[in-house]
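Now, the feature entries from TrEMBL:
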ACT_SITE  HIS144  active site, proton acceptor
BINDING   ASP137, GLU210, GLU212, ASP244  Ca(2+) binding site
BINDING   PHE139, ARG153, GLN251, THR361  substrate binding site
BINDING   ASP244, LYS264, THR268  Mg(2+) binding site
DOMAIN    24-129  domain 'Fumarylacetoacetase N-terminal'
DOMAIN    136-422  domain 'Fumarylacetoacetase-like C-terminal'
Amino acid sequence: MAEGSRKQLRSFVEVGRDSHFPIQNLPFGVFRRRGATEPPRPAVAIGDFALDLAAVSDAGLFDGPLLAGSPCFRQETLNVFLGMGRPAWKEARATLQRILSADEPVLRDNEALRKKCIVPMRDIEMLLPITVGDYTDFFCSVHHARNCGFIFRGPQTPVNPNWFHLPIGYHGRASSVIISGTDIIRPRGQGHPTGDSQPYFGPSKKLDFELEMAAIVGPGNELGKPIDINDAEEHIFGLMIMNDWSARDIQAWETIPLGPFLGKSFSTTVSPWIVTMDALKPFACDAPKQEPEPLPYLAEKNHVNYDIPLEVWIKPKEQSEPSIVTKSNFKHLYWTLTQQLAHHTVNGCNLRPGDMFATGTLSGPEPESFGCLLELTWNGQKEIPVGKSTRKFLEDGDEVILTACCKGEDYNVGFGTCTGKVLPALP
């Protein structure tokens with residue numbers, strides 16, 4: 001469907017003006033009906049409803065050359081569909097926009113089929129939409145890198161020289177990637193010793209959120225065969241909001257020399273809906289100029305980011321409403337998604353459908369746009385207001401709410417929310 005016709009698109013499903021999920025978006029997820037025994041099913045979001053893609057497929061409405069008769073939407077995850085690549089993704093999007101259009105009677109005028117296919121979100125439970133084989137966490141915001149350098153190393157060299165030559169990353173823990181709404185048990189671990197004493201051991205005293213976004217890999221690559229930078233976008237299906245929870249005291253003690261481990265691996269929360277790169281195209285913007293110029297394998301013809309406003313809210317247990325603590329934007333990312341993916345594979349590392357790679361904390365240039373409490377409180381040196389309370393780091397009972405939403409002229413392309421509540425450490 002032509003970009004010029006995007007604004008005129010309208011669904012027969014009523015969608016509120018402030019909704020994150022109009023027909024221009026159609027993010028993909030996996031759901032289960034509450035109280036039902038049937039297996040999980042893929043869906044797209046439309047307003048306050050989920051469109052059941054297994055039911056759409058059973059009705060024969062996917063009639064294009066790639067999806068007709070395909071079992072990809074009769075799976076419990078999206079991995080098979082992701083592996084089919086961009087031609088199948090575009091065919092699915094075009095079909096779904098057509099059958100949901102206000103001008104198309106196939107679902108609009110068939111009440112029985114409508115009831116099978118369109119399910120109120122209040123009646124469903126959202127699940128992790130992919131099997132995450134591997135998860136990589138990058139460190140690609142220059143503002144975050146600079147702030148962390150100032151905090152831990154001082155002003156002499158806040159950003160290590162190698163940072164401006166390659167997207168820094170480390171291998172995360174896929175088994176603890178969890179769906180939004182899952183509670184977070186405060187982790188225990190070691191911290192820096194005081195004086196000549198033994199290292200501290202116990203519940204983390206510096207539990208933090210990290211405002212990130214995660215890219216979901218579509219078709220992978222063979223072992224030993226890198227993905228060219230100018231082909232990289234064909235391998236990225238879409239984005240989710242991510243909260244890469246961090247125990248800063250555990251992290252600080254363990255990180256040298258091999259990098260984060262237990263300070264990160266206890267939980268990583270993602271939002272339930274994957275917003276496709278096709279839906280994000282109208283919000284593409286120039287990425288920051290890179291100096292020095294990147295090496296040829298990272299020099300891309302189409303050097304773009306996306307204008308995605310991001311927010312973090314905290315709701316302390318004793319307060320009835322959450323309070324906003326930061327506003328940032330995806331467009332501040334220094335190394336683009338395509339550069340991250342090309343770098344990830346340049347040594348021959350093979351990616352697979354459903355693999356996830358995250359941006360790192362998405363901090364902006366201003367103090368009110370910092371993407372974690374480590375930066376907002378300068379490692380606990382000051383407090384920030386949270387409603388009627390203050391915080392240096394997260395306390396038990398705090399609920400953290402991340403949200404992201406692109407603003408079009410007369411529609412949104414949003415991600416919903418990514419939430420988690422902190423529970424006390426186990427005894």
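Note: Cβ is positioned from N, Cα and C throughout, glycine not excepted.
All features noted in TrEMBL, drawn onto the structure.
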residue	record	Cβ within 10 Å
ASP137	Ca(2+) binding site	26
PHE139	substrate binding site	20
HIS144	active site, proton acceptor	27
ARG153	substrate binding site	12
GLU210	Ca(2+) binding site	26
GLU212	Ca(2+) binding site	28
ASP244	Ca(2+) binding site	25
GLN251	substrate binding site	21
THR268	Mg(2+) binding site	27
THR361	substrate binding site	27
Alpha-carbon distance [PHE139 (substrate binding site); ASP244 (Ca(2+) binding site)] in Å: 12
Summarise the model confidence on the domain 'Fumarylacetoacetase-like C-terminal' (136-422) as a single mean pLDDT, whole number. 97
Distance check, please: Cα of GLN251 (substrate binding site) against Cα of THR268 (Mg(2+) binding site), rounded to an integer number of angstrom. 15
GLU210 (Ca(2+) binding site): which of the recorded positions PHE139, HIS144, THR268, THR361 is the nearest Cα neighbour? THR361
GLU212 (Ca(2+) binding site) and THR268 (Mg(2+) binding site), Cα-Cα, nearest whole angstrom: 10
Proximal residue to LYS264 (Mg(2+) binding site) among binding-site residues ASP137, PHE139, ARG153, THR361 (C-alpha distance): ASP137
I'd like the number of other C-beta atoms within 10 A of the C-beta of LYS264 (Mg(2+) binding site), please. 24
Integer Cα-Cα distance in angstrom, ASP137 (Ca(2+) binding site) to ARG153 (substrate binding site): 22
